[in-house]
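So that you can see what the record holds, here are the features copied from Swiss-Prot:
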- 20-210: domain 'Glutamine amidotransferase type-1' (DOMAIN)
- CYS97: active site, nucleophile (ACT_SITE)
- HIS184: active site (ACT_SITE)
- GLU186: active site (ACT_SITE)
- 211-404: domain 'GMPS ATP-PPase' (DOMAIN)
- SER238, GLY239, GLY240, VAL241, ASP242, SER243, ALA244: ATP binding site (BINDING)
Amino acid sequence: MAPGGVVGHRLAFMEQLHDVVLVVDFGAQYAQLIARRVREANVYSEIVPHNMPVRDMLAKEPAAIILSGGPASVYVEGAPSVDPALFNAGVPVLGICYGFQAMAQALGGQVAHTGASEYGRTSLCITSAGQLLSRIPHTISVWMSHGDSVSRAPEGFSTLARTAGAPVAAFEDVERRLVGVQWHPEVHHTESGQTVLEHFLFDIAGCRPDWNASSIVGDQIAQIRGQVGDRRVICGLSGGVDSAVAAALVQRAVGDQLTCVFVDHGLLRQGEAEQVKNDFVAATGADLVVADESQRFLDALAGVTDPETKRKIIGREFIRTFEDVAKRLNADQPIDFLVQGTLYPDVVESGGGEGAANIKSHHNVGGLPDDFQFSLVEPLRTLFKDEVRAVGLELGLPEDIVWRQPFPGPGLAIRIIGEVTAERLEVLRTADAITREEMGAAGLDRKVWQCPVVLLSDVHSVGVQGDGRTYGSPIVLRPVTSEDAMTADWARIPYDVLEKISTRITNACPQINRVVLDITSKPPATIEWE
């Protein structure tokens, strides 16, 4: 089955088991955040494009529909619009920001250029709580991002709230179960935002809160057994949480029909290869084949400094190594399926969901050779990262694996700016291990999304160590906070923790005489340096 068919079948399977809330994506990054907030309320959600025909949306039998925000103005030629038929289908609908304005326009309300744009924190006054805003304080701080405003609600709708720049900041038609808000309840900066969403999901739409780690595990085990039957499966373990949880799910479903392959490319952090070989096997009982190919990867990377070339070489060598192992295993007993740890954001961002725009390619979604003769098993393809961690804990995986910070597939190779050598890898491993140890001791390891440690091996910085002048390389600390890695802010690490990290690194690594802190958000910078 083609990957698109796999995801379509898996999504349809979820729709049969749970109430589904469709999040209609109007082109901003808010759709994923809305979908995650719905799932935090224990309700299953899916993202669909704004140009999906209403009949196709209704074919999914949604319990509710949410129209997301977006960057367009309803007055711009070619701006996304909403088919009015959606509001006559009897399905509860919540419009947010642009979705609120498009909803108002489609139903005969008025959207105007008021000249009073609102961006960021804004004071909102609730004028009539209604059903949507019941039990919400009279005045709250909300997150706004709009230039146009609804100036008149559609006929039959009650106006619920206003701000200085939005005379109609929320409305509802209780009888038709149609509601909307100008602000972003899904953003953490909005006070009572999750409460507003849950009023819509439970009080207005009547959704069932049955989406949780236990139900996900049960659903996926049934799905995997139905797909695999009595045939054999192979899984490539990277040392990361995604592949570990995917493998553990398949192991729980089909037992010794699964063989895991760990390609040790020598580019992992300190202790991670041993963690895969020992802790994962002990927790799952999985059959593990280890291919130690560190020298092969170092030889292939010799003399290479361009980051994109590094990525391509590592990807090529990984696939070749994995294929070699798979062929040997397949010769003993045929293997039909390959497990991948693809996540739902990978699918959405790669345009592999339901027609979404292709933002970027992902190594889990594309990149496999055309002649790769396995059918894909992707048990995490409907899940966000926080759900993957919850499933990992439900399956009994060690916390060190479940809470492992995101780590790039090419490993430390793209955290060395310059040529990758055995000596540079050892220096970076030591600096990274010290950083992780001190962050953990300070209780920051789960508060920080990730903390890349980067070696600027081609930069030489003058220093004084002992009684002499040195020319060493700087180490960069890149701690960031994020929810999904699409955007990130630099993490405010206490100075005393930074001091300990810097002192320990420069003492342990004579090649390093300077430790610097990257305080750039994403955008404009990416999280990784290469």
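Cβ coordinates come from backbone N, Cα and C, glycine included.
These figures come from a predicted structure and were not determined experimentally.
Those residues of the chain, other than SER238, GLY239, GLY240, VAL241, ASP242, SER243, ALA244, with a C-beta within 8 angstroms of the mean position of the ATP site C-beta atoms are LEU237, VAL245, ALA246, GLY341, ILE401, ARG404.
For the residue listed as 'active site, nucleophile', the same-chain residues that are 6 or more apart in sequence and have a Cβ closer than 8 Å to its Cβ are TYR30, SER68, GLY69, GLY70, SER145, HIS146, VAL181, GLN182, TRP183, HIS184. If you take every residue in the domain 'Glutamine amidotransferase type-1' (20-210) and average the pLDDT, you get 93. Other Cβ atoms within 10 Å of the Cβ of ASP242 (ATP binding site) number 22 in total over all chains. Cα to Cα, GLY240 (ATP binding site) and GLU186 (active site) are separated by 28 Å.
Summarising the environment of GLY240 (ATP binding site), the number of other Cβ atoms within 10 Å of its Cβ, over all protein chains shown, is 20. There are 23 other Cβ atoms within 10 Å of the Cβ belonging to HIS184 (active site). Neighbours of SER243 (ATP binding site), defined as other CB atoms within 10 A of its CB across all chains, total 23.
DSSP assigns HIS184 (active site) to coil in the three-state reduction, outside any helix or strand.
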